[in-house]
Amino acid sequence: MSSKKNRKRQKEGAEGASPSLSAAPSRSGTSTPFAQPSPAAPGMLVVTNFLEKVDGKVPKTFQNSLVHLGLNTMKSANICIGRPVLLTSLDGKQEVYTAWPVAGFPGGKVGLSEMAQKNVGVRAGETIQVQPLLGAVLQAQEMDLALSDKDKEINEEELTGCILRKLDGKIVLPGNFLYCTFYGRLCKLQVLQVKGTDGTTLGKLQSASGTDAQGMASEHSSMESSDVDLSFQLSQLDLKEPQSPSSQSTPCKPTNDRTVNKAGEVLLDVTQSPRDGSGLGLEESTGLKCSFDSSKEGNTQPVSEEKLLKPASAGTKSNTDTFYFISSTTRINLRKICTNSKEQDSQFKVTYDMIGGLNSQLKAIREIIELPLKQPELFKSYGIPAPRGLLLYGPPGTGKTMIARAVANEVGAYVSVINGPEIISKFYGETEARLRQIFAEATLRHPSIIFIDELDALCPKREGAQSEVEKRVVASLLTLMDGIGSEGSEGRVLVLGATNRPQALDAALRRPGRFDKEIEIGIPNAQDRLDILQKLLRRVPHLLTKAELLRLANNAHGYVGADLKALCNEAGLHALRRVLRKQPNLPDSKVAGMVKITLNDFLQGMNDIRPSAMREVAIDVPNVSWSDIGGLENIKLKLKQAVEWPLKHPKSFNRMGIQPPKGVLLYGPPGCSKTMIAKALANESGLNFLAIKGPELMNKYVGESERAVREIFRKARAVAPSIIFFDELDALAVERGSSSGAGNVADRVLAQLLTEMDGIEQLKNVTVLAATNRPDRIDKALMRPGRIDRIIYVPLPDAATRREILNLQFHSMPISNEVDLDELVLQTDTYSGAEIIAVCKEAALLALEENIKADCIMKRHFTQALSIVTPRIPESLRRFYEDYQEKSGLHTV
């Protein structure tokens, strides 16, 4: 049978049908096939891009394993539909794919997907050899795969099962890449060695020499050594490197560096000698090895990822050789690759020293976590059950995940990370099985910590669950946490959870015995922000003094740790732009030494980086200062007392035993600068400013208006210290019983507003500032002390205030010397501030109307403007405010 096959191969080689069987003259006078195809060999096709959506009948999962060919091309190459074909590039890289016909596909071309082009090492327009597989295709009994270090946390048993399921029937060669989606994560593996059911082993022998320029492992050729005598092999072995493919000569198969290993037989490896690269080296080790001196046992040496995860370029297989495919009975051996990133990992390893502003929380966390893990016997001796779980909760960006990473690095325990959304599977029972396996592995490798990030996504409240999967996951996690310690690992396994929505967690999860302790990681205060900034700038070149850092920390109201880190990055970019603007052509080495961050860089960065909680309610604070408002000095003082003093002098308030005012109401006639005062307060105080217009909160759906009020106060607490400004409060806080709307929406909104301002939940570092011109319509419950402590009447401007308002306007307008300021002050009696500004604008327009090129405003223009703009607040309204003030006894200024 073998003689017939040999005669057939010689006949095909004589006809030039197969490039891999083409004869070449050798030193011994025998003919041997080429190791690599020549560009002019038969079967060479031009690579083109894969055609998408050609055949809807082909499942999407199989499309990446196909190559597209024209019908005529398949006929001429004797390729059958749906049969495997061997792709061989000019560099010797090989892959096996399935041939698939495409109607109208151009002749002489082959369509490859992007992944196939990458694996074989070709691009569109290059040539590649396509041959049908004529040799036997047997099952692979065993296969060694290289697993990247980045996938080291993956469970090997489950990954092996996933590979056998998804790659069943895949024909593999040493050096090929395999891609497998594991729980939504794409894993890339490389075939190191394949052992068939016939005992033949195809493998890759790794070079341990660091001087290899390519840094790649050699592939071993496949040869039938069962019928070949060792002495015959040695007598025919050529120890000189062939000069060209045409002069290559060996008595074995042409692929010079693949190994064949049959059980109980001699191992023969042929590679280049590391000494001079001009010959072949021999080494004897329990048989005969021809390999590098340093590569004794390729599998016992840690192999770098750069050397493994590259396709082999040397050595090819003939299409008449024996090939092996993956089956359900194939045994998979996963070998992890050591990477060179250990130094980088240690450089960026998170430690306790890198966390700022959380000293008290870190102390409590270390007591809860480190003591049970390091001294479990101490708890047993006193009969104290060790805590099983610790829950960290707080707003996003405060450092919950960073604390967990620091704990994992500092404690030295085995850490298993569960990202809630990642392990959720659509298949029944798969999510619970994954959870059980993680807990079982942590128990075996104790002391260990199981960190569950975004716990609310994994364990929401069961009564509000969208599907049965969520309920089963919650029940499974409850059972697993109750079972911690049942195998004798009491106190040696701890679950650390993190969430920013603790109210969304299932109540059963938060009871003692599961998550025993809950620690809030809140928004940092000024002192904590200073600590965070100092640790962030520890390794950053800057010119900030301690006083400037303190000022920066005091101004960064509502910034969390993530915001401060983003602020430092933005300040660094500002500093870099400043240097490059002056000297744009500087080399990188000189720029690095010149860039130093200043306080001005941080102040500019704060204009771009706002607190995270303020981004959804971002408001451009108007550039209005106290100096832009004429007069009203007493009102300015009262507002500073209510807003700025509690922040700048908190010890004075504590010493006096008083609480800062919670609310300030400004009321008075329209146009008397009530809203402008609020703008100036927002700008001058530097606090986070939330401007709310009363009618915007009203919603026709039941409960939505109250929810909007509740959400406003929640955001204000999150970015405290902050100011909530309610303009036109009379539209929102209407006196109860006066509303005629359906469902009494106004009454419910008012009740929610009263509860938020002075309810069970304390309103800390949040000041409510309101403005209205109808104080008589506001409910009396809102006007009492404890809710609105300061009620300030803003009357029409007096003579001194009108003088300041006119002076401010004259600074920006060209006024003629004939204009008498005192006379204007007298003429604008009973005018509001807005009407005085309107008089000035009208006079300017009259001057332009008279002469478009006018360069100043004359007295006659003001006289005419005063006749056009008249006081619009009647005497009755002024008397109303005065009577209301006297009857209600409200505090006035």
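Cβ coordinates come from backbone N, Cα and C, glycine included.
Residues or ranges marked as compositional bias 'Basic residues' in Swiss-Prot: 1-10.
Taken from Swiss-Prot, the feature region 'Disordered' covers 1-38 (among others).
Residues or ranges marked as compositional bias 'Low complexity' in Swiss-Prot: 15-26.
According to Swiss-Prot, the feature compositional bias 'Polar residues' maps to 202-212 (among others).
Taken from Swiss-Prot, the feature region 'Disordered' covers 202-227 (among others).
Marked as region 'Disordered' by Swiss-Prot: 239-315 (among others).
Annotation source Swiss-Prot lists compositional bias 'Polar residues' at 243-253 (among others).
Under the heading phosphothreonine, Swiss-Prot lists Thr271.
If you look up Swiss-Prot, you'll see Ser273 (among others) marked as phosphoserine.
Residues or ranges marked as phosphoserine by Swiss-Prot: Ser278 (among others).
According to DSSP, Thr401 (ATP 1 binding site) sits within a helical segment. The ATP 1 binding site annotation in Swiss-Prot covers Gly394, Pro395, Pro396, Gly397, Thr398, Gly399, Lys400, Thr401.
Residues annotated as ATP 2 binding site in Swiss-Prot, with similarity to another entry given as evidence: Gly668, Pro669, Pro670, Gly671, Cys672, Ser673, Lys674, Thr675. All chains included, 22 other C-beta atoms sit within 10 angstroms of the C-beta of Gly671 (ATP 2 binding site). DSSP gives Gly671 (ATP 2 binding site) a coil state; it is part of no helix or strand.
What Swiss-Prot records for Lys859 is SUMO2 cross-link, and it gives similarity to another entry as the kind of evidence. Of all the Cβ atoms in the protein chains shown, 16 others lie within 10 Å of the Cβ of Lys859 (SUMO2 cross-link). Taken residue by residue with DSSP, Lys859 (SUMO2 cross-link) is part of a helix.
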Candidates Ser673, Lys674, Thr675 (binding-site residues) - the one closest to Thr398 (ATP 1 binding site) by CA: Thr675
Cβ neighbours within the same chain of Pro669 (ATP 2 binding site) - under 8 Å, at least six residues apart: Asn773, Pro795, Leu796, Ser832, Ile873, Leu877, Arg878, Tyr881
Chain-mates of Gly668, Pro669, Pro670, Gly671, Cys672, Ser673, Lys674, Thr675 with C-beta within 8 Å of site centroid, ATP 2: Ala771, Asn773, Val794, Ser832, Gly833, Ala834
Local Cβ density at Thr401 (ATP 1 binding site) - other Cβ atoms counted within 10 Å: 18
Lys400 (ATP 1 binding site), number of other Cβ atoms within 10 Å: 26
Distance, Thr675 (ATP 2 binding site) to Lys400 (ATP 1 binding site) (CA atoms, angstrom): 40
Between Lys859 (SUMO2 cross-link) and Cys672 (ATP 2 binding site): CA-CA distance (Å): 25
Chain-internal residues, separated by at least six, CB under 8 A from Pro395 (ATP 1 binding site): Asn500, Gly522, Ile523, Val560, Ser612, Ala613, Ala718
